[in-house]
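To start, the structure under review is shown below, and the notes come after it.
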Amino acid sequence: MELNASLTLILPEIVMAISAMALILITAYVGDKTARLVSILAAATLGAAAVMVAPALTSGASGPDTVAFGGQFLADSFASFAKILIYLSAIGCLMIAPAFFDRLKAMRPEYPVLVLLATLGMSIMVSAGDLITLYIGLELNSLAAYVLASFLRNDTRSAEAGLKYFVLGALASGILLYGMSLVYGFTGTTDFEGVRGALTGDMSTGALFGVIFVLAGLAFKIAAVPFHMWTPDVYEGAPTPVTTFFATAPKVAAVALTARVALSPFGEQTEAWQQIVIFAALASIVLGALGAIGQTNLKRLLAYSSINNVGFILIGLAASTVAGLSAMLTYLAIYVVMALGSFVALLMLKDEDGTPLETFDDIAGLSTTRPALAWCLLFLMFSLAGIPPLLGFWGKFVVFQAAVQADMVLLAALGIAASVIGAFYYIKFVKVMFFDDAVDRVKGTSDTAHWVLLILAAVVVSPLGYLLTGWLGGLTDSAASALFIAS
């Protein structure tokens, strides 16, 4: 009976695994001409998985009924919230890929299969209740991501991005494994509940180093300073649909996993990791903003923007309260929409031959040549900057509010001050598009799926998005409470 209950809880993961294997077989037998069909089937699988996990989120599932395989897997509402964000992000990335790869005659059915496998790994990551489960999910995601980064085999930038991601990712995995071995050595267990119980009271120096190494390994996955060095090169070199994927779904999974690890197995030793998270948050905000200022390549700029936004997300985690975690999830959801919209807009910047345009010089005067695209980008950039009344302001507001409520007034003040620096390079987007002389380089026609996603993202981050804040706040409060109950 217990096995049946456990299998029911992991049904979305089972469906994704079976679907991925079936799609691989279809690809092997039929060949590249099935690329679009495989993409549609992969997106349908992810949509079905999202429907399966939705009831756990809306009901606020938590406690023993959400535990599978003796604590190895947790299907609570916190995991469900993260999974829905991950699945929807992956679906968006599948929608935008064909138009990009078709121009290069590189649309292969392996792309949606790899996205599906990476998403399966992320799904396992956010539901991990054991260090071993954590590592299995993380590596399944990472191995698929390495291949995706170098998907354009004949493109030197893509190959370089894949190689850098692989080498630095392997280093991060080694650091994480070493930390896990120290935690196991000093607690005698890999189970989150067991580790939490063993770390009650005074923490040994060895266990403290284990916590530090585990968090360092996870910091690489979320691209937090000082483990951010791979992000600009990989984001610039990888195909833009892959970069979009990296900036959204894996970011959600890694942040959710970091929160679960910090508050579940290490929840009794908040003081051991809180200062680390505060440092990473402030360093990411400042270095992300400063690094972006001198960039001329738009993809590299958005990579630094991603690092900057991770800092704001980590402020919510640093608060280590239900309100802080809820604010973190709220910001994460808003960030996914902003990032997806921004990279879709970059995909739409191309000349008459379909060649991508990726520099500020290419978008000079865009408001006169492509006004709809320019206005959508304006909404997204101002929202990323946190300028009211756009929805990005609300994300920053709830994060800073949670920090103040947790008596971290100085952290909130420093975060607000640093966000002013970050606003500079977002405003540069607007200045170039609306006030520079037009160059009229953007001439290519855009795919319908691109326009649909871009307009949807622009509407969500507009003041109309505030209509969703009550509903979103209820979901994030439920998800955050479930993690604290599990802890």
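Glycine is no exception: its Cβ is also placed from the backbone N, Cα and C atoms.
Now, the feature entries from Swiss-Prot:
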type: TRANSMEM; residues: 7-27; note: transmembrane segment
type: TRANSMEM; residues: 37-57; note: transmembrane segment
type: TRANSMEM; residues: 81-101; note: transmembrane segment
type: TRANSMEM; residues: 112-132; note: transmembrane segment
type: TRANSMEM; residues: 166-186; note: transmembrane segment
type: TRANSMEM; residues: 207-227; note: transmembrane segment
type: TRANSMEM; residues: 237-257; note: transmembrane segment
type: TRANSMEM; residues: 276-296; note: transmembrane segment
type: TRANSMEM; residues: 307-327; note: transmembrane segment
type: TRANSMEM; residues: 373-393; note: transmembrane segment
type: TRANSMEM; residues: 407-427; note: transmembrane segment
type: TRANSMEM; residues: 452-472; note: transmembrane segment
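As a quick check, the transmembrane segment (452-472) and the transmembrane segment (37-57) miss the bar of 3 or more Cβ pairs under 8 A, pairs 6 or more apart, so the two do not touch.
Two recorded stretches are said to be in contact when at least 3 C-beta pairs lie under 8 angstroms, sequence spacing 6 or more; the transmembrane segment (81-101) and the transmembrane segment (237-257) meet this definition.
Contact count against the transmembrane segment (237-257) (Cβ pairs under 8 Å) is highest for 112-132, out of 112-132, 166-186, 207-227, 307-327, 373-393.
Long-range contacts of the transmembrane segment (307-327) within the same chain: residues 222-225, 228, 231, 251, 255, 258-259, 262-263, 270, 274, 277-278, 280-289, 291-292, 335, 339, 384, 395-396, 398-403, 405-406, 408, 411-412, 415, 418-419, 422, 473, 476-477, 479-481, 483-484, each at least 6 residues beyond the stretch ends and with a Cβ under 8 Å from a Cβ of the stretch.
The stretch in 7-27, 166-186, 373-393, 407-427 that contributes the largest number of Cβ pairs under 8 Å to the transmembrane segment (112-132) is 7-27. If one looks beyond the transmembrane segment (373-393) by at least 6 residues along the same chain, the residues whose Cβ comes under 8 Å of a Cβ in the stretch are 305, 309, 334, 337-338, 341-342, 345, 348-349, 363, 366-367, 419, 422-423, 426-427, 429-430, 433-434, 442, 446, 454-455, 457-458, 460-463, 465-466, 469. Long-range Cβ contacts of the transmembrane segment (407-427) within its own chain (Cβ-Cβ under 8 Å, at least 6 residues beyond either end) map to 278, 281-282, 285-286, 288-290, 292-293, 295, 301, 304-305, 308, 311-312, 315, 318-319, 381-382, 384-387, 396, 399-400. Proximity of distant same-chain residues to the transmembrane segment (207-227), defined by a Cβ-Cβ separation under 8 Å and at least 6 residues beyond the stretch ends, is recorded for 138, 168-169, 171-173, 175-183, 185-187, 199, 250-251, 253-255, 257-258, 261-262, 266, 269, 272-273, 276-277, 280-281, 283-284, 287-288, 306-307, 310-311, 313-314.
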